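Everything on this sheet refers to the single structure shown next.
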2 protein chains.
Amino acid sequence: MPIQYEPPVRSMRFILDHVVDFDAEVAALPGCEDVSAEFGEELLSMAGRFCAQQLLPLNQSGDRQGATLADGKVTTADGFADAYHAFVEGGWGALSGEPDYEGQGLPRAFQIMLDEMVSSANMSFGLFPGLTRGASEALAEHGSEELKAKYLPKLTTGEWCGAMALTEAHAGTDLGLLRTKAVPVGDGSYKVTGTKIFISSGDQDFGNNIIHLVLARLPDAAPGVKGISLFLVPKLMTDDDGNVTGENGVSAAALEHKMGIHAQPTCVMNYDDATGWLIGEPGRGLNAMFTMMNAERLYVGIQGLGVAEIAVQNAVAYAHERLQGRGPDGTGPAPIINHADVRRMILMGRSFVEPARALAAWTAIRMDVAARHPDDATRAAANADVAILTPVVKAAFTDMGFETAVNAQQVFGGHGYIWEAGMEQFVRDARITQIYEGTNGVQAMDLVTRKVTMAGGAPLASYLGRIEADLGEGASELEASLLPAARAALASLRKASAAVQADTSIDAMGSAAVNYLRLFAIASMGWMWVRMAAASLEHGDEATKTRNLALANFYAAHILPQAGALEAAIAAGPDPVMALPADLF
Amino acid sequence: MPIQYEPPVRSMRFILDHVVDFDAEVAALPGCEDVSAEFGEELLSMAGRFCAQQLLPLNQSGDRQGATLADGKVTTADGFADAYHAFVEGGWGALSGEPDYEGQGLPRAFQIMLDEMVSSANMSFGLFPGLTRGASEALAEHGSEELKAKYLPKLTTGEWCGAMALTEAHAGTDLGLLRTKAVPVGDGSYKVTGTKIFISSGDQDFGNNIIHLVLARLPDAAPGVKGISLFLVPKLMTDDDGNVTGENGVSAAALEHKMGIHAQPTCVMNYDDATGWLIGEPGRGLNAMFTMMNAERLYVGIQGLGVAEIAVQNAVAYAHERLQGRGPDGTGPAPIINHADVRRMILMGRSFVEPARALAAWTAIRMDVAARHPDDATRAAANADVAILTPVVKAAFTDMGFETAVNAQQVFGGHGYIWEAGMEQFVRDARITQIYEGTNGVQAMDLVTRKVTMAGGAPLASYLGRIEADLGEGASELEASLLPAARAALASLRKASAAVQADTSIDAMGSAAVNYLRLFAIASMGWMWVRMAAASLEHGDEATKTRNLALANFYAAHILPQAGALEAAIAAGPDPVMALPADLF
């Protein structure tokens, strides 16, 4: 049975219409007057066809063939270059890009739904446009007018690609340790020299330019993170019209041998007296890079969601086809979808995917509000929501996405362990999403050390208040199980929030961080289930109503009770984690 | 940093001496008069050296090279044949084998500790002796004297290897569907014809015979599982002295392309008019095979433990070496073992591995009691304990082993995703343990549908009573956190047990199964932590005391509270799992 994929456009439309109230929230914003959920559905249907027809067929073959390196040049797997050109020609790279620079200026909610489908169909491929968009957003926000004029239009459309070069072998999470140097030439440019590792899309054979955003130190730079600046370093030198005038000192020194995403060339990159230009202020490189990193963190969270969606779809298909044991009428062999534990494994994934998609759409709308709303305070409040949810989406969606891929593989039994079935690739591919763009532990630390306490905790209080407002008395179908469970989870989250706000020692926050983020996500998705279930009762057809209420009830019975266990672990404080002397581990 | 491994012999000795009371329990049994924990430590130290020095160096190279197939013959990765011969010559294959058939007759507790170290060092390798032992045990219990005389001595020593051939492409969990045929020749032998898949150790190039235990149907067999018989089918035909007289109709048709255990030849096997002999009664094949499967299920559980142990060891080593961020004194870069979340990830694994090893040892001792005790009732009670714990050890140890491998990989950040670090192999290898020998869902169904209700629930009540007896008032260090948490988990397990005993409909049991097994394991390992912590207070040196109390307190704070969430999911009954119509998944 080949891997199949049905773009979940119906679910997306339902979420836009009835869960996040897209038309009221977004179409009212300046620049969004012409968009609607209906238009979104048309657009996403086209995008979904592209993903299913052009990207999915390259996913397994790309995994087996991988990217290769010879003479400092990367060759991508068969079909990837053509698919990338088709993607750009279809306009998919420019969807949410700046209209001033060739972008289509469409809302973020459409963008992340496109991102989800690309990630379902081909995670390795998706990193090419994903990093390109992140680079263009960082350049748009922090670059000089001159740099933007020269590089931004082709980055925005995807004609040129982007890459981000942060990590060095000894400097991962702790970027303050990095050693790459940038020396001013005197004409406004710099010579950049150093070696970076784990550079996704660092090189490829698409025949275009690659714009590397490279963190490096100026000669007189302060030690640590305050001495880091950001540089734009193109693979190819070009004139003002974008014509190639020569090569730059940029080469792929090696490809990493990875557990997954084999078709994605993850490079060791050498910058050898490479010409570059400063983006933003000297010493403010991390600040500029964080624009790109925040964009990428959301993107990576969506990758987790995307892999989960396609893994669940194929588990469902297999469970309908595979005959083992007896069905409800006692005869057999019957499809294994009849077996309770097979259902349970699938429901673990399904009950995550749907509210995750809704929460992602809600976050994306907050991004549009933050970017476009005329009122300062409204923009600031939206910005704060996005700041809080960025680490949650990144870490929780990728942890649960990985778990979903593992459960979906388990539905296949022994066949799931074999390459040909395609399920084990989802597990290997999904695994990187928990690691890159800041490990999920780093995301959790971001949440507890910065987001929970920012502005005296007011944005967190506002977010929790918004959830609470939706958990008031509901229909009897929701009061039976979902609403009480969602309220209990919110109460756990409130107690845990008070605990991490009360003891801000690094050990207390570090001990609580991952459990707190998980609790935050479980409660937030419980909130989304309440919205989705209520919307289904009000607006859904019979099938939607039956489906969403059943999924919500599963979530209420099997997932929301975990909130109490997480609250208990957080309440235990730092001692259980810190007491053991390091030499006795 | 190459993968390292320190055999955990000290932990094993402590468990034997102080947690499971080995000398009192086992040395008192007939045939065990000469063994002691002290002897065990010497033996296991030797075994550990063999694993670390001979098997570990082949683990990564074996993964990269894999096993290959040409002309129906398998070639194993470099070094595997020599390592296997050294293993057999060292006597490690015969450790717990029947003394009447060249075995050493040593206790099971030593055997499973050897199994753990082999699994840590090289899971792919370990399946060769692991399956050989399972085959020899099934033959010993169900084979005729004639078959035993001819095949058992060489199987027991490991001079010849064993394999078990159950699965067919359309018949996995549901073995009643299998089609392989066995036709009597008239001289007491049969001609066996059919194709089996997923046959671990199905072929190799060790230059010895391979004894396949094959499930097949006689011509007049009933449909379903009652028509299945078990046959001994050797790769090579031999005379009564074991000299090879010719080939048999047994060939490897293909090797599976797997996510992991690449060095283990997982074969599609063709039996083509292959000569075989009936083991046990016609139509009782599953019964005979279950002897082997129960042995293998425990073995697979121990594989999960073994992979977890080596993964944690290497995460600890990396966390001491890797410098990122600041240490407790505010200076940096400091080893990441100082960071709370890195500690938490390691503690998740460490706090599982230690009580799992103790619970495995306890189970192994019950096996020796079941096999050797002079009193019928004592043997029966021990047998019931083993029956209950077999699915728990198989499923919980492999689920938690996989989760431990994932957490340990996460400690490495991006480096953990790269082949060279060796951590991603542990994740890929560990993944199969959740699937083979009956998926973990099947184990959970075995627990709730058979083990929990057997003999009217008396064995379960006895097991829970034994836990309860150890959770009485303890030292103040244990009353602070561990004992109350362990009692709460036991209370949850009692309530959940009553629930699964009360509604024995297939949907109710199936909906509860996996959560119930997890709860069972969490409470059982909490019990073991109580025994280990109490023993550490009484017998441990300062380091042991500090270490085990800290690990136990982590388990009490972060793991035991999960019992409540699992109890809640079980209490919700089958409806949340069964309500969704199959076509709406």
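Every residue number used here counts from 1 along the chain in the order it is shown.
In case you wondered, yes, glycine gets a Cβ from its N, Cα and C as well.
TrEMBL: automatically predicted annotations, no manual curation.
Per TrEMBL, the feature domain 'Acyl-CoA dehydrogenase/oxidase N-terminal' maps to A:41-159. Per-residue pLDDT, averaged along the domain 'Acyl-CoA dehydrogenase/oxidase N-terminal' (A:41-159), amounts to 97 for this model.
DSSP assignment over the domain 'Acyl-CoA oxidase/dehydrogenase middle' (A:163-273) gives 7 helix, 55 strand, 49 coil. Look at TrEMBL and you will find A:163-273 tagged as domain 'Acyl-CoA oxidase/dehydrogenase middle'.
The annotation domain 'Acyl-CoA dehydrogenase/oxidase C-terminal' is assigned in TrEMBL to A:283-448.
Residues or ranges marked as domain 'Acetyl-CoA dehydrogenase-like C-terminal' in TrEMBL: A:479-581. For the domain 'Acetyl-CoA dehydrogenase-like C-terminal' (A:479-581), residue counts in helix, strand and coil come to 88 helix, 0 strand, 15 coil, using DSSP.
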Per DSSP, what is the helix/strand/coil residue tally across the domain 'Acyl-CoA dehydrogenase/oxidase N-terminal' (A:41-159)?
88 helix, 6 strand, 25 coil
